[in-house]
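J.: Following this message is one structure expressed as structure tokens.
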Amino acid sequence: MTLANATHTSAIDIARFGKVAVMFGGRSAEREVSLRSGQAVLSALISAGVNAHGFDPAESELHQLVEQKFDRVLIMLHGRGGEDGSLQGALQQMNMPYTGTGVLGSALCMDKIRSKQVWQSLGLPTANYEIADKRDFNAANCSDIMSRLGDLVMVKPAQEGSSIGMAKVSNAQQLAAAIQQAFEYDDKVLLEQFIQGSEYTVSLLNGEAMPSISMSTPRDFYDYEAKYQSNTTEYFCPSGLPAEQEGLLARLALDAFDAVAGSGWGRVDFMQDMLGQFYLLEANTVPGMTEKSLVPLAAKQAGLSFEQLSLAVLATAG
């Protein structure tokens with residue numbers, strides 16, 4: 001379903017979706033965000049006339065999808081167990097159609113290190129980085145890491161979303177502490193050169209890019225609180241980029257998503273440095289769909305209501 005077709009909900013055969021499980025909640029660190037996303041999408045689908053029901057895998061076993069005669073699954077699970085390919089593989093084995101990216105792409109996009117390695121191998125722009133491994137990490141090396149990556153470094157657990165476990169550091173002592181904290185979430189941690197500049201995100205639907213969004217926060221960086229709790233975070237859509245840069249960003253988002261086997265729908269995040277160069281941060285295969293989320297904002301600018309967007313996401317299920 002293209003963006004243009006998604007605006008014509010009257011042309012959608014709602015009955016063809018059958019009985020739909022909107023899967024949300026789960027056991028990851030992003031459970032609360034997933035609950036909010038899933039409940040919003042569930043309400044929208046029911047409003048559109050879809051036979052949709054909530055399904056929390058933290059409370060129900062997957063085999064109940066078959067026993068309760070569901071026809072397809074709309075995945076609204078964020079983080080581990082929802083975005084990392086494990087759920088996608090299980091559903092595939094059950095011959096249960098599901099929304100969004102498949103097993104390989106989900107696993108790649110969930111792993112910030114692997115996705116950066118793929119982009120780097122293809123010549124796509126991404127910030128300089130190093131990897132901290134819990135098995136052999138030595139805090140004595142932090143001064144050298146800072147000297148190689150620059151004055152400011154972002155510390156990110158390799159497989160967490162919503163900025164959970166992330167930190168921005170400016171010296172070796174802070175770096176060592178931030179890495180130890182990140183190890184509570186993952187055995188591997190991405191240490192990334194901080195790009196001073198503006199943050200952008202591009203939402204994608206079936207091979208098309210929606211208008212980009214720029215974000216502004218008075219906080220140190222766009223962290224969990226800035227994303228979900230703060231009232232001072234500002235979002236601009238359209239982002240204000242000149243048409244040429246908007247087109248460049250859209251093409252880069254599509255290329256990056258394709259490179260890591262993303263499909264259906266998703267979101268790609270960027271930084272733009274003071275010289276205008278864009279750098280890939282990460283790709284999201286199950287972006288948030290809360291009242292503060294970015295994909296619904298971009299979709300609205302593209303002419304899609306939340307209900308139309310939810311139907312378009314559902315339509316990505318094979």
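Backbone N, Cα and C define each Cβ position, glycine as well.
The domain 'ATP-grasp' annotation in Swiss-Prot covers 116-315. Summarising the annotation, Swiss-Prot assigns ATP binding site to 146-201. According to Swiss-Prot, the feature Mg(2+) 1 binding site maps to Asp269, Glu282. The Mg(2+) 2 binding site annotation in Swiss-Prot covers Glu282, Asn284, and the record cites sequence analysis as its basis.
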J.: Tell me which residues of the chain lie with their Cβ under 8 angstroms from that of Ala167 (ATP binding site), as long as they are six or more apart in sequence?
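T.: Residues satisfying the criterion: Met154, Val155, Gln174, Ala178, Gln181, Ala182.
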J.: Of Met146, Val153, which of the binding-site residues has the most Cβ neighbours inside 10 Å?
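T.: Counting Cβ neighbours within 10 Å, the top one is Val153.
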J.: May I ask for the distance between Glu160 (ATP binding site) and Asn284 (Mg(2+) 2 binding site), taken between their Cα atoms and rounded to an integer number of Å?
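T.: Their Cα atoms are separated by 11 Å.
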J.: Filter the binding-site residues Met146, Val153, Asp269 down to those whose C-alpha lies within 10 angstroms of the C-alpha of Asn284 (Mg(2+) 2 binding site); answer none if the list is empty.
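T.: Neighbours among binding-site residues, in sequence order: Asp269.
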J.: Please report the DSSP secondary structure of Glu160 (ATP binding site), reduced to three states.
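T.: Looking at the DSSP assignment, Glu160 (ATP binding site) belongs to neither helix nor strand, so coil.
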J.: Are there residues of the same chain, six or more positions away from Lys188 (ATP binding site), whose CB falls under 8 angstroms from its CB, and which are they?
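T.: Looking at Cβ-Cβ distances below 8 Å from Lys188 (ATP binding site), excluding near sequence neighbours, one finds Ile113, Ile131, Ala132, Asp133, Lys134, Pro157, Ala158, Gln159.
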J.: Using Cα coordinates, what distance in whole Å links Val153 (ATP binding site) and Glu282 (Mg(2+) 1 binding site)?
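T.: Pair distance, Cα basis, whole Å: 16 Å.
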J.: Counting Cβ atoms within 10 Å across all protein chains shown, which of the binding-site residues Gln174, Asn284 comes out on top?
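T.: Within the set of binding-site residues, the most crowded position is Asn284.
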J.: Name, in the order they occur in the sequence, the residues of the same chain whose CB lies under 8 A from the CB of Glu282 (Mg(2+) 1 binding site) and which sit 6 or more residues away.
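T.: Same-chain residues close to Glu282 (Mg(2+) 1 binding site) (Cβ under 8 Å, separated by 6 or more) are Cys109, Lys112, Ser115, Val268, Asp269.
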J.: For Glu160 (ATP binding site), list the number of other Cβ atoms lying within 10 Å of its Cβ atom.
T.: 22
J.: Return the residues near Ile195 (ATP binding site), defined as same-chain residues 6+ apart in sequence whose C-beta is under 8 angstroms from its C-beta, sorted by sequence, else 'none'.
T.: Ala127, Met271, Gln272, Asp273, Tyr279
